[in-house]
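Chemist: One structure coming up, written as structure tokens, with questions to follow.
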Amino acid sequence: MNLELKKPLTAIAYIVAFLAIQTVVQLIVLGAEMAIKGDTPQLDGIGFLIAMGSFSVITIALFAWLKWTPLKRTFIQSRPWTTLFWCFIASLGAIIPSVFFQEQMPEWSDSIKQYIEQTAQTMLQMMNTPGGYAVICLLAPVAEEMVFRGAALRTLLEWKPERRWLMITLSALLFALAHMNPAQFIHPFLIGLLLGWMYERTGSIIPGIIYHWANNTVAYLLARIYQDPEVRITDIFGSQSRALMAVGFSLLIFIPAIYQLNLWMKKR
């Protein structure tokens, strides 16, 4: 194999392995559900939750065992509580602007809209299922950070350290594509850029896990409160003008948080 291509191909292989685990586990859960219920082959919210929890645990165990994601205590032993606090604050400040921007995108075709609606409904069912918070907000962030930052981005940065922002952008693009939801492409891509920057600056996946956990927790709480998979920022705040005010207020939280992170983040 061309040594120049080995690193990027390895990074892609990590993500392919993650998606393969996800697919195989979903097929196993689907088969079990069909055997029990004997009806049409379609996972419901509980089935998807079991599948997500299972492949998240398998991913975490596999990537740690094979050392695809090196796990070090150096960062947490340095007691980076200020950095982690600002990661949490940055996540809270970024959610509304990112989702609002995503909602301004053009309408999708009917077939894609139907897929998006089905996916959103399934996610709502998962969040309403006991154990939903643990899987969506705790296990999933750890698994995804291990794969996309701890394995894939780490390898890309080893390949082209002098082009770190290009590597961060590539990893964010792969992160967004792996979610396989056109309606949610912009939000995970923007998050991927931030998480990649945090990883490049600290060399640790812990800041990304904190950010990812806060982001998913807010989405979980909104879903539980509104019980509408298609609720929009303008629906939550009552009007376009109030939604824009919320975006502005959120940016007043997000921008100072990023400034503080830039001051505090450093490799340990």
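Keep in mind that glycine also has a Cβ here, set from the backbone N, Cα and C atoms.
The shown structure was predicted, so the numbers you read here are calculated from the model rather than taken from an experiment.
The following feature annotations were taken from TrEMBL:
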{"type": "TRANSMEM", "residues": "12-36", "note": "transmembrane segment"}
{"type": "TRANSMEM", "residues": "48-68", "note": "transmembrane segment"}
{"type": "TRANSMEM", "residues": "80-101", "note": "transmembrane segment"}
{"type": "TRANSMEM", "residues": "133-153", "note": "transmembrane segment"}
{"type": "DOMAIN", "residues": "133-218", "note": "domain 'CAAX prenyl protease 2/Lysostaphin resistance protein A-like'"}
{"type": "TRANSMEM", "residues": "165-185", "note": "transmembrane segment"}
{"type": "TRANSMEM", "residues": "243-261", "note": "transmembrane segment"}
Chemist: If you count every Cβ pair below 8 Å, which range out of 12-36, 48-68, 80-101, 165-185, 243-261 shares the most with the transmembrane segment (133-153)?
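Modeler: Comparing 12-36, 48-68, 80-101, 165-185, 243-261: 48-68 has the most Cβ pairs near the transmembrane segment (133-153).
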Chemist: Are there residues at least 6 beyond the ends of the transmembrane segment (243-261) whose Cβ is under 8 Å from a Cβ of it, and what are they?
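Modeler: Result: 82-83, 86-87, 89-90, 92-97, 100, 198, 201, 233-234, 236-237.
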Chemist: Taking helix as H, G and I and strand as E and B in DSSP, count the residues of the domain 'CAAX prenyl protease 2/Lysostaphin resistance protein A-like' (133-218) in helix, strand and coil.
Modeler: 78 helix, 0 strand, 8 coil
